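Annotated features in Swiss-Prot:
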type	residues	note
DOMAIN	206-294	domain 'Ig-like C1-type'
CARBOHYD	107	N-linked glycosylation site
CARBOHYD	277	N-linked glycosylation site
REGION	204-295	region 'Alpha-3'
SIGNAL	1-21	signal peptide
TOPO_DOM	22-310	topological domain 'Extracellular'
């Protein structure tokens, strides 16, 4: 179960909402997992500003407290950490009841392991105003209920979620969430951007190169790498004689590199001997202009092709250790 959870947490963490140039986001991800016979459910909470994890709470820690995960958060005083710790512990307590409620909605036994997930946050536009707010809930890794874009109504995916929707409509939960997303969330985001401006407002351009991988039947794979960039928003495309190969291109999700930067690659399969007809195009806000690369016309970094695969695995495992967990949802908020 532990390995399954780690894979779940990394998969969700790697799908963080990316913001465009000039935009910023504050997001919180909570996860609660029941574990029969092993004590109380595991609860973990992480917060992100843009692509940077800045706070974390783990109920399995020796002394569970909200802790800084970015150096610039060490500027906050004891009152802040005590307040955030109490908030996290309040979520932990409510999720225990929520797990039991969810099991009853789906007529599940108490013997298995079950997962509640909740994600919420706000995006700031380049003008400093709220661009969008969002709040999503899931059970057993599947969508359950979500706040709509108007921040006033809910979308429930099944009959159990309809029960929750009716309860929340009667309790005016959407109005409270809207007030938080438009007010406190945006105020907090502005504060964190000020605290971490040297890190959060920087731009690190990608280091890019193309690798060559022979295949059978007279074909080769060209893989375009972008490494060491920040923020995470980047565009990689392959073109054949100036025309984009969107459908024929394999593109991986942007991955954290474990050092505060990101990596990504895109590949295409091409006929042997025709490699020079294909160009990779890299666009990132840290670049003065987009890069155009061909196989054999860019100085690769000191990594072998085999090492790159190893690096990708290590990066994902590092992301597990650093990120810890993703999303959480609440069925009943008390």
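Using N, Cα and C of the backbone, Cβ positions are placed for all residues, glycine too.
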May I have the DSSP-based helix, strand and coil counts for the residues of the region 'Alpha-3' (204-295)?
3 helix, 52 strand, 37 coil
Measuring Cα to Cα, how many angstrom lie between residue 107 (N-linked glycosylation site) and residue 277 (N-linked glycosylation site)?
59
DSSP three-state call for residue 107 (N-linked glycosylation site): helix, strand or coil?
coil
